[in-house]
Amino acid sequence: MAGGEAGVTLGQPHLSRQDLATLDVTKLTPLSHEVISRQATINIGTIGHVAHGKSTVVKAISGVHTVRFKNELERNITIKLGYANAKIYKLDDPSCPRPECYRSCGSSTPDEFPTDIPGTKGNFKLVRHVSFVDCPGHDILMATMLNGAAVMDAALLLIAGNESCPQPQTSEHLAAIEIMKLKHILILQNKIDLVKESQAKEQYEQILAFVQGTVAEGAPIIPISAQLKYNIEVVCEYIVKKIPVPPRDFTSEPRLIVIRSFDVNKPGCEVDDLKGGVAGGSILKGVLKVGQEIEVRPGIVSKDSEGKLMCKPIFSKIVSLFAEHNDLQYAAPGGLIGVGTKIDPTLCRADRMVGQVLGAVGALPEIFTELEISYFLLRRLLGVRTEGDKKAAKVQKLSKNEVLMVNIGSLSTGGRVSAVKADLGKIVLTNPVCTEVGEKIALSRRVEKHWRLIGWGQIRRGVTIKPTVDDD
């Protein structure tokens with residue numbers, strides 16, 4: 001990235017310039033042109049029964065395959081969330097009928113381009129830049145959403161038109177949305193090309209009946225075919241009109257939860273050419289800037305001679321920021337942001353930094369080794385296919401000394417229940433975590449060889465450890 005040092009983005013001349021010298025954080029909004037030209041500011045989760053076409057819809061809107069990783073199944077449920085960004089445009093010719101005047105493209109598309117619709121004039125202009133968070137499974141989606149590893153502003157609920165509604169998992173997804181208190185939902189009736197019109201109408205009635213009395217009541221139901229890209233422009237229009245622009249905090253000290261990290265150096269690279277590690281995540285609040293000094297907590301975790309946990313935060317500097325292929329000078333909340341640092345690349349290799357929190361030096365929360373939580377358990381297990389009409393298994397109460405998986409932010413760690421009474425519990429964590437009182441956590445238990453979400457909790461207080469810092 002030549003010339004980026006001076007605080008001005010020079011890459012991609014077709015996108016809006018970002019200049020650190022003239023940046024006034026107090027004037028930024030999630031629709032500021034110089035922000036949405038290069039990065040997404042609204043996060044939309046995609047939810048739906050397996051094989052109902054979530055990734056296909058995301059691909060139809062954004063042109064991006066949210067790639068899946070082979071090792072995903074092997075490692076507990078460390079999830080790779082698939083993120084895909086899309087720009088949504090509106091044609092500035094008032095004579096063009098809706099929904100044809102809406103269009104979506106990938107995130108590196110210019111902010112304006114001439115119309116190609118016969119009989120219209122003018123340009124398509126950028127109105128929104130959204131990020132789709134595509135989760136493989138719903139208990140994972142819930143854990144992710146519950147933890148707040150990504151701020152979710154809205155959800156697309158996918159229902160396949162060629163199956164009856166509701167499928168067993170679909171009702172759980174609604175439960176997930178209820179727990180998450182997501183207000184803004186669009187229901188997409190997918191695979192409409194595979195059914196007769198009468199069947200589609202019948203299913204539409206089923207969907208209406210199904211969402212009655214839930215958070216999704218009154219949500220628009222849009223018939224689409226993701227494969228044939230049919231009605232995708234209607235989805236774009238509804239995203240613009242029905243999903244309000246979320247209030248965002250640009251002025252606090254920045255904080256980013258790391259959900260991916262990697263070493264971008266090729267093997268055999270000359271020492272002088274080595275690049276620092278890259279961390280990827282969604283900014284929760286504040287604005288990160290190129291050149292800024294940062295701290296990563298808990299940092300490097302080790303044990304002292306007595307077996308006590310020690311944490312040594314990592315201090316570094318941001319050398320580059322990017323969203324998908326777009327260079328940034330500063331990054332705001334929303335979408336997945338890559339942060340190029342001067343951290344030793346071996347510390348970032350193969351997702352080693354996942355679960356850490358990155359932010360301004362001295363402004364990050366405490367590091368906890370034990371948590372006291374107030375918790376809620378689900379009445380029944382989610383996501384377990386039951387035979388016939390049998391109800392899903394009941395969730396048993398927490399018992400002392402059992403080991404649960406605790407998801408805090410993007411960190412999945414083991415936790416031993418050391419005490420439990422009524423709706424309060426104490427958990428001793430296997431790995432220290434940087435978090436604060438009031439944060440939500442998700443609890444999972446091993447049921448028939450799988451981790452299953454059994455409930456969620458909120459941190460009341462805990463045991464913290466002081467980070468060790470070198471004297472130099």
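For all residues, glycine too, the Cβ spot is worked out from N, Cα and C.
Annotation source Swiss-Prot lists N-acetylalanine at Ala2, citing similarity to another entry. Positions annotated as phosphoserine by Swiss-Prot: Ser16. As annotated by Swiss-Prot, domain 'tr-type G' applies to 39-248. According to Swiss-Prot, the region 'G1' annotation covers 48-55. Annotation comment: Swiss-Prot describes Ala51, His52, Gly53, Lys54, Ser55, Thr56, Asn190, Lys191, Ile192, Asp193, Ser225, Ala226, Gln227 as GTP binding site, evidence class similarity to another entry. Look at Swiss-Prot and you will find 76-80 tagged as region 'G2', backed by sequence analysis. The region 'G3' annotation in Swiss-Prot covers 134-137. The region 'G4' feature in Swiss-Prot is assigned to 190-193. Among the features that Swiss-Prot reports, region 'Interacts with Cdc123' is placed at 457-469.
For the binding-site residues listed here (Asn190, Gln227), the lowest count of other CB atoms within 10 A around the CB belongs to Gln227. Classification of Asn190 (GTP binding site) by DSSP places it within a strand. Same-chain neighbours of the region 'Interacts with Cdc123' (457-469): 297-299, 309-313, 366-376, 424-425, 432, 435-441, 443, counting only residues six or more beyond its ends whose CB sits under 8 Å from a CB of the stretch.
Here Ser225 (GTP binding site) comes close to Asn190, Lys191, Ile192, Asp193, Asn231: these same-chain residues lie at least six apart in sequence, with C-beta atoms under 8 angstroms from its C-beta.
For the region 'Interacts with Cdc123' (457-469), DSSP puts the residue distribution at 0 helix, 9 strand, 4 coil.
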